[in-house]
Amino acid sequence: MQSWDPCLTPLELHGALFLHGPYWTPGLFRLIALGTCGDSCTHVRQPPKTWMGATVFVQPLDLVKNRMQLSGEGAKTREYKTSFHALTSILRAEGLRGIYTGLSAGLLRQATYTTTRLGIYTVLFERLTGADGTPPGFLLKALIGMTAGATGAFVGTPAEVALIRMTADGRLPPDQRRGYKNVFDALIRIVREEGVPTLWRGCIPTMARAVVVNAAQLASYSQSKQFLLDSGYFSDNILCHFCASMISGLVTTAASMPVDIAKTRIQNMRTIDGKPEYKNGLDVLVKVIRYEGFFSLWKGFTPYYARLGPHTVLTFIFLEQMNKAYKRLFLSG
């Protein structure tokens, strides 16, 4: 029998230690099958190097999205027409290294946000799981996920601020750039030059984005799947799950982008003559609509969806397959 690792969560123990042993029961399997629900509800703990590896791949998407959201700010002429134009312009002006500007901040954000999110989710999930191993209901799991996501977002806000500023630097004239060397240099200088509270600038829209992403993913996937099944063209199989999760990714992207652009603008803003460019997230939304047009709230949609869509697909397909396996193994016959 494998040795017990005290750092493993109960879910990991169920999946690894009990899989081939006498402890493998329907209750434990059901806990695994129902322990995943959306972006911030993923209960299976992954090693930090997995999150870091993913960040390396999505960093260019984050950079392009941030540049698109800042393009045309304050009724200025848009720097980029499309996301592809932004990507090619950055490569041409800043080189291949340019699209990885802010990578150190992205890695720190992933480490702080994901570690906190999964830690909080694990604790709450275990506290609210019944003595017989029955997991919390759907709505309670959704609430746990939103709480964990919002808490993780708060802890990760300083890294978010550094990331936004570092990815935005290349679009500015040399004399206006902040010139942070890395994420730690950014954090130290922000504290020294602007004060500790600036590290949590934009924490409210950052937390709101985490809540919106969770709520939108769960609601849109459930409704999309039901719509596809009711159409008569789909059966409850992996194709249906794939299509429903793709739709969910689109809905989640559309729902969370206005909050995301407010976060980006607030965290990148400067204080001029003691007065910040924006009062709050609502002020950002009002000014974007007034000076740049309503649909400017969705600038950077393509790279944002390219980042969020695949994650949504994998999350729900995994969940569905686990649920099906549970029903097949323990409920059939």
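Count begins at 1; order follows the chain as displayed.
Cβ coordinates come from backbone N, Cα and C, glycine included.
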Checklist outcome for this item: Among 83-101, 102-120, 178-196, Swiss-Prot marks as transmembrane the stretch 102-120
Checklist entry - Mind checking which residues reach the transmembrane segment (202-221)? Cβ under 8 Å, same chain, six or more beyond either end. => result 37-41, 138, 142, 145-146, 149-150, 152-154, 156-157, 160-161, 244-245, 247-248, 251-252, 255-256, 259-260, 262-263, 266-267, 280-281, 308, 312, 315-316
